[in-house]
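Enquirer: So that we are looking at the same thing, I have put the structure below in structure tokens.
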Amino acid sequence: MSDTTQILRAFDEAPPTRVRDYVDLLKPRVMSLVVFTGLVGVMIAPGHLHPFTAALAVLAIALGSGAAGCINMWYERDLDALMARTANRPLPAGRVAPDDALGLGVLLSIFSVLLMAVSTNFVAAGLLTAAILFYVFIYTVWLKRRTPQNIVIGGAAGAFPPMIGWAAVTGDVSLISIALFGLIFLWTPPHFWALALYRSDDYRRAGVPMLPVVAGPRETKRQMLIYTFVLLPVALVPTLMGAVGWLYGAVALVLSLSFIGHAVTVWRAADDATGHGPARRMFRFSLIYLAALFAALPVDQLVSRMLAG
Ligand code: HEM
Ligand SMILES: CC(C)=CCC/C(C)=C/CC/C(C)=C/COP(=O)(O)OP(=O)(O)O
């Protein structure tokens, strides 16, 4: 048999490579909201980027986020195998080899940072590097398996994207971009603990010290309520600082009051499985909350500009 025939046969006999599995390693659904908040940072920052450069900056954030998610899945393949929600992921299910996932994550990390540096500036590239390192080392490797405050501190990783987008345009960090960071930072605990409340059996089985497992549902609900209350004034900061007007301010107020409403409903619900419904609804609402809040920022700016003639 010729070499060519052997190679072709090897190809035929190889298990089908599922592109979908490699895409899944990048956590595309989480990435969509991460990218959206980064894009809004680009859109509302003072200054102008050529649309092609802006697209490259947003692509760099997307790839950086995917890379960090990919390394996270590589590191957590043992935990993921133990949890119903994650057991069928490409690594625990054995459809992708661990070394391939790690290789993809590391390569994409390097590529995303280089892309950001070449297309925009070193401040944005530095912030992207910090976000990736934070998610991989501070959250995934260090805190997640050690303390129920894991997502409070580690959650900072997901708060970087608007700041990165802003820096891609201005080359700088500003009070507004810090406020947007603070907003996502405070949003993350109620976002995640809502899910952790109805997935606490998973986390208990895997031995991950999430707050509902360690401190119980009552204490978790109390802390969620506190975070949603603190979130309200922080969500209003862009308006109070004059970066956007009261259209955003009104949206932020209504959404933040609804988020508090969800937290109150969750707090009043029973601490057993019958309380899962309100927690699920609050988790879903957390995604709408962040998406709508960030959508309101550029819309407000656009409307203000149109009204100003
Ligand atoms: C450390 C901080 C965070 C933790 C621990 C966390 C945790 C989670 C978990 C476990 C899920 C999976 C839900 C499921 O599979 O049913 C999820 C879903 C999601 N998260 Fe977060 N999250 C964090 C931060 C963020 C940030 C910063 C964003 C975006 C700005 C985000 C956006 C999303 C989205 C869009 C989903 C829905 C994905 C889907 O529909 O499958 N998360 N989050
Ligand atoms: C630009 C950049 C690098 C951004 C990083 C954004 C990012 C990926 C933030 C964290 C969001 C997230 C999916 C947490 C999941 O936690 P988990 O890993 O505990 O969830 P899992 O149990 O579903 O794996």
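Placed from the backbone N, Cα and C atoms, the Cβ positions cover glycine too.
From a predicted model like this one, the values you see are computed outputs, not experimental measurements.
Pulled these features from TrEMBL for this protein:
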TRANSMEM  30-49  transmembrane segment
TRANSMEM  55-75  transmembrane segment
TRANSMEM  96-116  transmembrane segment
TRANSMEM  122-143  transmembrane segment
TRANSMEM  150-169  transmembrane segment
TRANSMEM  175-198  transmembrane segment
TRANSMEM  224-241  transmembrane segment
TRANSMEM  247-270  transmembrane segment
TRANSMEM  282-299  transmembrane segment
Enquirer: Count the Cβ pairs between the transmembrane segment (30-49) and the transmembrane segment (175-198) that lie under 8 angstroms and are 6 or more residues apart in sequence, then report whether there are at least 3.
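Expert: Contact confirmed: at least 3 Cβ pairs fall under 8 Å.
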Enquirer: Okay, the transmembrane segment (175-198) and the transmembrane segment (247-270): do they have at least three CB pairs under 8 Å, pairs separated by 6 or more?
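Expert: Between the transmembrane segment (175-198) and the transmembrane segment (247-270), which are separate recorded stretches, there is contact, as judged by 3 or more close Cβ pairs.
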Enquirer: Please give the sequence-distant neighbours of the transmembrane segment (55-75): residues at least 6 beyond its ends with Cβ less than 8 Å from one of its Cβ atoms.
Expert: 25-28, 30-31, 34-35, 38-39, 42, 49, 89-91, 98, 101-102, 104-109, 111-113, 115-116, 119-120, 124-125, 128, 131-132, 135-136, 139-141, 157, 161, 164-165, 168
Enquirer: Counting only residues 6+ away from its ends, which parts of the chain sit with a Cβ under 8 Å from the transmembrane segment (224-241)?
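Expert: Apart from its flanks, the transmembrane segment (224-241) reaches 175-176, 179-180, 182-183, 186-187, 189-190, 193-194, 248-249, 252-253, 255-257, 259-260, 262-264, 266-267, 282, 293, 297.
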